[in-house]
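Before any comments, here is the structure.
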Amino acid sequence: MSTTTTTPVSRMTSLARAELTLLGRSKGTLVAALFVPLVLPLSVRSAAEEMDLAEVGLTPGAVVLPAAVGFSLLFAVYSALVGVYVVRREELVLKRLRTGELRDAEILGGSALPSVLTGLAQCLVLITACAVLLDMSAPSAPHLAVLGLLSGLVMCAALAAVTASFTRTAESAQVTPMPLLMISMIGSGMFVPLELLPDQVASVCELLPLTPVVTLVRGGWTGDLSAYESLGALATAVAWTLLAVFAVRRRFRWEPRH
């Protein structure tokens, strides 16, 4: 008699395939995740062309490209995953999965994988498009851009699980991500670079979750980040991720809220 041995990777992959099928049936989520991040960079470009970026050593491309990455992370990963976690919880899917071989981290990771891969693919497409259309040169420090993108993917997935933990219904999942979306778009250097803000305001904005991602991606292209600034941005991203993981371990709800 033969037995089939499963690994965490195989279990997460199977769950991710099932989740991808379900995600494809949610038209509203797909539209928000796939098309909104493609449109918003156009608004950033229009705004960037009106700013005096040369004064702080930036170009429109150096503003639009990191913003495009930020939009993908916010909509294709963070916002979409909040809805995924809440809907699966309310449908008792998460509760049933916990009765099988899957561990808690595997359930959350496997459920997140389609959105994370979608966000990654979208970021790569937008980065390529921005580089070509805005006539940008090759990145001066590509390792910083890679670190920024990967840390952003992990952090946004973790923050989505945190937000889902206090989101009651699928309908409210359209609302609860909004505070982080708005704060990030306004204060993380996506529409207005922090270099153009007053020093005290910029110092506060540097601590926002998405700011280190935008900073690292932008620094990857411009090459203007010092080692101290790079490590500071990476440390901020790691701190937010660890804080989110801690909150998920303590507060995430696996059964419907009553």
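Every residue, even glycine, has its Cβ placed from backbone N, Cα and C.
The shown structure was predicted, so the numbers you read here are calculated from the model rather than taken from an experiment.
Feature annotations, reproduced from TrEMBL:
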DOMAIN    28-251  domain 'ABC transmembrane type-2'
TRANSMEM  64-87  transmembrane segment
TRANSMEM  107-134  transmembrane segment
TRANSMEM  146-166  transmembrane segment
TRANSMEM  178-194  transmembrane segment
TRANSMEM  230-248  transmembrane segment
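Stretch with the most C-beta contacts under 8 angstroms to the transmembrane segment (107-134), considering only 64-87, 146-166, 230-248: 64-87. When the stretches 64-87, 146-166, 230-248 are ranked by Cβ pairs under 8 Å to the transmembrane segment (178-194), first place goes to 64-87.
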